[in-house]
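Copied over from Swiss-Prot:
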- His47, His64, His121: Cu cation binding site (BINDING)
- His64, His72, His81, Asp84: Zn(2+) binding site (BINDING)
- Arg144: substrate binding site (BINDING)
- Cys58-Cys147: disulfide bond (DISULFID)
Amino acid sequence: MVKAVCVLRGDSKITGIVNFEQESDSSPTTISWEISNHDADAKRGFHITPFGDNTNGCTSAGPHFNPHGKTHGNVTDENRHVGDMGNIETDCDGNSKGSIKDKLIKLIGPHSVIGRTVVIHAGTDDLGKGGNDESLKTGNAGPRPACGVIGVAN
């Protein structure tokens with residue numbers, strides 16, 4: 001079992017923890033999160049980027065993690081970036097808690113997400129269905145108010 005954790009912070013009041021667990025190289029990865037202080041009653045884009053570089057805030061982390069050269073999509077789509085995790089949904093206080101299992105996001109192997117960045121966006125991810133070029137790259141999810149590097153956990 002490999003475990004990883006990401007602590008989310010940024011230029012805003014948003015904070016959170018994202019946990020990752022993978023049993024073996026062939027198992028799906030479980031991703032669970034608890035995020036606080038985002039916009040109330042909203043859907044907000046949730047992605048993994050290729051770099052663990054946050055020297056210039058969340059923008060220096062790069063585009064969505066896409067080692068297979070696919071277009072942007074939802075976490076449940078066959079054709080999507082490895083780093084596409086869809087949207088988190090916040091409650092009336094701006095908090096979100098949830099989990100998903102994913103077969104593309106890996107902690108083990110050449111495309112491991114350890115050392116990469118989780119980004120929470122300021123807008124809703126259109127899941128690649130926005131009808132323009134930017135939708136196929138970013139889902140038009142907007143600015144990046146919070147992010148954190150994924151590190152190995154005990």
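Cβ coordinates are placed from backbone N, Cα and C, and glycine is handled just like the others.
What Swiss-Prot annotates, mapped onto the structure for a quick look.
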residue: His47; record: Cu cation binding site; DSSP (3 states): strand
residue: Cys58; record: disulfide bond; DSSP (3 states): strand
residue: His64; record: Cu cation binding site; DSSP (3 states): coil
residue: His72; record: Zn(2+) binding site; DSSP (3 states): coil
residue: His81; record: Zn(2+) binding site; DSSP (3 states): coil
residue: His121; record: Cu cation binding site; DSSP (3 states): coil
residue: Arg144; record: substrate binding site; DSSP (3 states): coil
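His121 (Cu cation binding site) and Arg144 (substrate binding site) are 5 Å apart (CA-CA, integer value). Long-range C-beta contacts of His81 (Zn(2+) binding site), restricted to its own chain and to partners at least six residues apart, with a cutoff below 8 Å, comprise His47, His64, Phe65, Asn66, Lys70, Thr71, His72, Gly73. Listed disulfide-bonded residues: Cys58, Cys147; maximum Cβ neighbour count within 10 Å falls on Cys147. Comparing local CB density within 10 A for the binding-site residues His64, His72, His121, Arg144, the maximum falls on His72. Separating the Cα atoms of Asp84 (Zn(2+) binding site) and Cys58 (disulfide bond) is a whole-number distance of 16 Å. The two recorded residues, Cys58 (disulfide bond) and His121 (Cu cation binding site), have Cα atoms 10 Å apart. A 10 Å cutoff on Cβ-Cβ distances gives Asp84 (Zn(2+) binding site) a total of 30 other Cβ atoms nearby, all chains included. The distance from the Cα of Cys147 (disulfide bond) to the Cα of His121 (Cu cation binding site) comes to 9 Å.
Counting every protein chain shown, the Cβ of His47 (Cu cation binding site) has 27 other Cβ atoms within 10 Å.
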